[in-house]
Amino acid sequence: MESRNILRFLAISLSVSLVLFFTWVHLPYAPQPNTTTDLLYCSTNSPWCTSKNRFQPINKPSTADNILEKPPNPKHHNHESDTPHHPLDPLTISEINRVRTILKSHALFRSSSPFAFHSVVLEEPDKTLVLQWKKGDSLLPRKAAVVARVAGKSHVLTVDITTGEVAVQETGSRSGYPTMTIEDMTSSTWAPLSNADFNRTIIERGVDLQDLACLPISLGWFGESEENRRLIKVQCYSMEGTANFYMRPIEGLTVLLDMDSKEVVEISDKGRGIPIPKAANTDYRYSAQKINPEMMFVNPISIEQPKGPSFTVEDEHLVKWANWEFHLKPDPRAGVIVSRAKVRDPDSGEMRNVMYKGFTSELFVPYMDPTDAWYFKTYMDAGEYGFGLQAMPLDPLNDCPRNAYYMDGVFAAGDGTPYVRSHMVCVFERYAGDIGWRHSESPITGMEIREVRPKVTLVVRMAASVANYDYIVDWEFQTDGLIRIKVGLSGILMVKGTSYVNTNQVPGQQNLYGTLLSENVIGVIHDHYITFYLDMDVDGSDNSFVEVNIKKQKTPPGESPRRSYLKAIRNVAKTEKDAQIQFKLYDPSEFHVVNPMKRTRVGNPVGYKVVPAGTAASLLDHDDPPQKRGAFTNNQIWVTPYNRSEQWAGGLFVYQSQGEDTLAVWSERDRPIENKDIVLWYTLGFHHVPCQEDFPIMPTVSSSFDLKPVNFFESNPILRIPPNVEKDLPVCKPAASA
């Protein structure tokens, strides 16, 4: 009887796990999400529109020629016949199948030992070869980079897809394990249900096993006791009465699990006196909301493009828009990778190199609660979970506007079988009423001048739901040559159960490690750090990093009525340690990447500069185990010489790593970086002290940084763009008001 119950519970938990990790349904919160029936559609050749399925003219009767059918949902692309066209194109379904076939016949995989593929991606060709390649040339040899575990050991392999040759790479003695597979995560969530003590504990805590939802939680590294086997911690929640089970933690219950054998190593239950928070007011779905009729929401809004979008996507991955072109691909670890970004010079007409490759290298999310059930929550979302593996299909009209282009990811499962992550990335044009440049002449000059140019940008977007948290990553390209990288945080807080229902119950000296958000619910203080890899190639690969320090200068007595002014002092970084930057408000600098061999007509070196926005720095002790692993956040900027083996700021194998293979370790070599092929690393940071407005789901909070031209162009590159005029724009009205 007990065995049948356990099997039933396993099935229930597995279904919950599959919902968490394989079902991607966007469930918006009030106000009401956009739907196709709420938005207007304008025809391609006249100012007609509809609010449903009908088009009505504004000034004259409709005709068949003026009818534009309601645009369908994004089409699902059949990837079975995909072929690569560019050296950086991701592996296709047929190529992944070919890799799987080759490896299954390799000696390493022919034994009866269990194995899993943790990563199967394109082994990008040498950078010099990619830079030399032109469209029309023969495609460079296609190879796959594979990370696999066989019989409990990690291996890195290179597979030549054409010849079938397999090269096994030396991984050295580095600690840590590869990124978890989806199968690792799902199987870990139901494995505790095979343990009778665990089941008994759940029932004793008042939770029906059929209402149980469990999460796989990486455990960082905290000493020798955690070495020599892959471990994971599992914590659980009650789903009873709500879809938002995250707000109903079974506080203090933690299972330590061997991820390979699925053996329960230890059960810690130190929260028996803490009630499970109630389900009331936790559901965030629109269908569950009681809408106050006096609350006013904005009318539906949509940006119409009667002539269609201004960008094209050639051969599935080459994006061309306005004066930009770049290669774009989804990635299971990084999310999205932007490569070969070039901008057209308005004077010469040539496409000029800006960035060879940019992507999210790592995310570090330490929670600030040192107690038994929380101290280990110091996530590395890219290296442990796979930022791209957690990417969700984007919701048309709400995640991305109507004329967005959607790109799928093609990834490999743990057994090497290819699968498609649909609508993982979207590309769209944005116009938010912003201004590209303007000037109105003062009346005192006698000149009636009013010149304004609108700002339209191109956005590449992905969203990853790493269990409770949602990350929105935008790469935004502007016609003035600027690239803005923005990260938005939303989703659901990871909360802690408590016996308190009001702050007046909390003893004055007690540290809650967060904020009481609702009855029996604490939102724990935590940080988010997102580190970006930016291989800048400004007008060529050999660049220098220049810190332009802004210093106060005092005027000599009697020289001027002014007593002080500011001076820009340029310091070229010779080695890596010269370019380890921590931002200081009262010791400001600009940070330039320049090509010292290319100059403008007046003699300035061409360049781009990093423009920081709101950011946060880690305050943890450098010898704290989580900070050792996350030491790449010790500085906001690093610059290293290009090395194709140094792309992941937390190291190649992050899971349970000890921090000996990070960006901070590489940079300590203090290698020369002046007039070299260099990589700039930038960390965007957030301190998050939760508040009640974050309950039960968080409004998005965002921060960004810019890559901005600095003496790259001879003058304002958007000087010649035309202004908007009325005759060029669609005029839309709801059909009922026509």
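In case you wondered, yes, glycine gets a Cβ from its N, Cα and C as well.
Among the features that TrEMBL reports, region 'Disordered' is placed at 54-90.
Marked as compositional bias 'Basic and acidic residues' by TrEMBL: 79-88. For the compositional bias 'Basic and acidic residues' (79-88), the DSSP-based tally of helix, strand and coil residues reads 3 helix, 0 strand, 7 coil.
The annotation domain 'Copper amine oxidase N2-terminal' is assigned in TrEMBL to 86-167.
Look at the domain 'Copper amine oxidase N3-terminal' (178-277): DSSP puts its residues at 31 helix, 27 strand, 42 coil. Positions annotated as domain 'Copper amine oxidase N3-terminal' by TrEMBL: 178-277.
The domain 'Copper amine oxidase catalytic' feature in TrEMBL is assigned to 302-718.
Residues near Tyr469 (2',4',5'-topaquinone) in space but far in sequence (CB under 8 A, at least 6 apart, same chain), listed by position: Val365, Leu489, Ser490, Gly491, Ile492, Met494. If you look up TrEMBL, you'll see Tyr469 marked as 2',4',5'-topaquinone.
Regional average pLDDT for the domain 'Copper amine oxidase N2-terminal' (86-167) in the model is 96.
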